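Shown next, in structure tokens, is the structure this report addresses.
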Amino acid sequence: THREVMKVSDGSLLGDPGRTPLSKKEGVKWQRPRLTRQALMRCCLVKWILSSAAPQGSDSSDSELELSTVRHQPEGLDQLQAQTKFTKKELQSLYRGFKNECPTGLVDEDTFKLIYSQFFPQGDATTYAHFLFNAFDADGNGAIRFEDFVVGLSILLRGTVHEKLKWAFNLYDINKDGYITKEEMLAIMKSIYDMMGRHTYPVLREDAPVEHVERFFQKMDRNQDGVVTIDEFLETCQKDENIMSSMQLFENVI
């Protein structure tokens with residue numbers, strides 16, 4: 001069960017409850033922050049992976065051996081460690097779970113739909129899972145490799161505000177043409193509301209997503225040309241506290 005998984009003390013992935021959080025200063029480059037318990041409890045994709053990560057010891061030789069026996073072999077852990085904000089131990093735990101869940105080394109869209117329907121049983125997660133999958137599937141080939149998966153997770157869990165916003169822009173830009181239309185933003189919002197279901201608190205009204213998008217779009221479309229560019233998106237989001245807090249709520253459904 002997930003509860004048992006949370007007790008496993010395999011590596012730093014599960015965090016150390018007695019440890020004070022590291023400084024959030026951008027300048028401190030050499031400190032790699034740990035995945036906090038709080039972030040883990042929120043992130044469905046990490047919970048899914050960790051529930052499969054067998055609680056073995058964190059002997060690196062095991063992991064190196066595993067890396068060589070898998071059909072789709074990821075790049076070296078060192079390279080992934082340089083590309084992400086995860087520690088080697090964390091990458092080993094994530095990889096172990098990923099390999100157990102996806103022996104071929106690739107995740108398809110149906111897997112995303114299954115994950116989110118498990119975590120949001122009260123709603124319909126199909127559409128949101130589809131959009132989220134497409135945001136992870138950088139080359140659009142219908143499958144996500146471990147490398148793409150952890151690079152995306154690293155941005156969502158540990159990226160700078162700028163990196164997270166760029167990732168969110170890519171999610172909202174459904175047809176990947178470099179612009180967000182009101183229809184695209186509404187489609188994403190509706191999919192999140194559908195997934196949360198009607199049993200949320202406070203109870204959501206039927207027209208809530210439309211009002212939500214109307215408000216945001218007016219602010220973001222600064223030159224009123226009917227589309228939002230990446231520059232407009234970044235500038236508005238970083239200046240507007242309401243939008244930033246909404247973005248943090250959005251992180252709860254990753």
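The backbone N, Cα and C atoms fix where each Cβ goes, glycine too.
TrEMBL entries are annotated by machine, without manual review.
Ranges compared are 1-28, 57-84, and TrEMBL records region 'Disordered' for 1-28. Panel annotation: around the domain 'EF-hand' (124-159), residues 33, 35, 39, 43, 45-46, 72, 74-75, 80, 83-86, 91, 94-95, 98, 105-109, 112-113, 115-117, 167, 170-171, 174, 176, 187-188, 190-192, 194-195, 197, 251, 253-254 of the same chain, lying at least six beyond its termini, place a Cβ under 8 Å from a Cβ of the stretch. A mean pLDDT of 94 is what the model gives for the domain 'EF-hand' (124-159).
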